[in-house]
Amino acid sequence: MFPLLPLVDRSHHFSIQTVLDSKIIWPLILVTEVFIYSSYGIFVNLSRLEGDVQYQSSSLVLSTEVLKFIMALLMTWPDVRSNGFPPVKLKNVLHFSIPAVCYCLNNNLAVLMQDQMDPATFQVLSNLKIASTALLYRIIMKRRLRTLQWLSLGLLTLASGLNSYNGLTEEVLSLQTIHITPQGLVMAFVYCFVSGFAGVYTEYILKRDMKISLPLQNCFLYTFGILLNLLVWLFQSDESLDFFHGYTIYTWAIIVSQAVNGLVMSLIMKHSTNIVRLFVITSAIPVATVLSIFIFHLQPGFEFLIVVILVTVAIYIYNHAPKS
């Protein structure tokens, strides 16, 4: 499956090390995460009523952050109750605010970019975040990637771009002229840079002190996420609607799945790498398509087969490349 970094302190994380050393459990976690990640688009489509999303997106994001915090707190509590709260410097806690700000910035950039370019250009350019993540991983984490590993990431970028463009309907493409403004181009590069930086910096701060448990670190991270998204909800919310307006069982499915997704992704970033995270995300593309075939009777084109081949070849090349 995907390679791992031996960055676990065995004296403090025996159970985690057991998971990482397992030839069954860790690959199973990665495969499960692929299905969880691919479920997002499925649940969003199922949550639509008469073709429209009835709930407030800011409410959904805030609910997800709160649930992630509660789950992380429940996982932290037994250790804190037994051993007490570990000594943590305030400045180290404040580092967790940076990824939260980055994600909040990107959510707003994604909206502003729609006025500066056509949907096809947005979908294709946004996939450059794979390249930006790899570059920033090399710079911030100071880990060199082999030529074959760069090639595999290039194939991932190509697969993501092809899938994004293919996902646009012919109607959208026919009504839109391919265009992008200078401001839009700058926004696109900022968007991809911030996206890559947020992921790599999160990995950096999670790994900088391996003796602090991951659930406790997640509590710090999600606290800032709650505060920022609460401000966004207060600013964007419709006062005539209650917080849970438009929620259905599928809305709650989105919240629960995305909360679990966040926790598993943090596990991957702390005990593996952002590169593995990219492979998980891209591997979810064909899985989501297959699920859509059975649930929504989607009829994929020939491009889908190309995407599957590209992702498969990329995973094979990365895993068989000489390790740096």
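Backbone N, Cα and C define each Cβ position, glycine as well.
Bear in mind that TrEMBL entries carry predicted annotations, made automatically and left uncurated.
The transmembrane segment annotation in TrEMBL covers 24-46 (among others).
Sequence-distant neighbours of the transmembrane segment (58-77) (same chain, 6+ residues past either end, Cβ-Cβ under 8 Å): 107, 213, 215-216, 218-219, 222-223, 225-226, 229-230, 232-233, 236-237, 243-245, 251, 254-256, 258-260, 262-263. Taken from TrEMBL, the feature transmembrane segment applies to 58-77 (among others).
Under the heading transmembrane segment, TrEMBL lists 147-165 (among others).
Positions annotated as transmembrane segment by TrEMBL: 185-206 (among others).
The annotation transmembrane segment is assigned in TrEMBL to 218-235 (among others). Tertiary proximity for the transmembrane segment (218-235) is limited to same-chain residues at least six positions away from its ends with a CB under 8 Å from its CB atoms, namely 56, 58-59, 61-62, 65-66, 68-69, 72-73, 76, 93, 96-97, 99-101, 103-104, 107, 202, 262-263, 266.
Summarising the annotation, TrEMBL assigns transmembrane segment to 247-268 (among others).
Residues or ranges marked as transmembrane segment by TrEMBL: 275-296 (among others).
The transmembrane segment feature in TrEMBL is assigned to 302-319 (among others). Listed as Cβ neighbours of the transmembrane segment (302-319) (distance under 8 Å, sequence separation of 6 or more from its ends, same chain) are residues 1-3, 148-149, 151-153, 155-156, 158-159, 162-163, 166, 275, 279, 282-283, 285-286, 289.
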Apart from its near flanks, which chain residues at least 6 from the ends of the transmembrane segment (275-296) lie with a Cβ under 8 angstroms of it?
2-4, 30, 33-35, 37-39, 41-42, 45-46, 130, 133-134, 137, 145, 149, 153, 156, 159-160, 163, 199, 265, 268-269, 304, 307-308, 311, 314-315, 318
Sequence-remote contacts (6 or more beyond its ends) of the transmembrane segment (247-268), Cβ cut-off under 8 Å?
29-30, 32-33, 36-37, 39-40, 43-44, 46-47, 49, 55, 60, 63-64, 67-68, 71-72, 202, 206, 214, 217-218, 221-222, 276-277, 280
I need to check the long-range neighbours of the transmembrane segment (185-206): which residues 6 or more away from its ends have a CB within less than 8 Å of a CB in the stretch?
92, 95-96, 98-99, 102-103, 105-106, 109-110, 112-113, 116-117, 122, 125-126, 128-129, 131-137, 140-141, 214, 217, 221, 266, 269-270, 273-274, 277
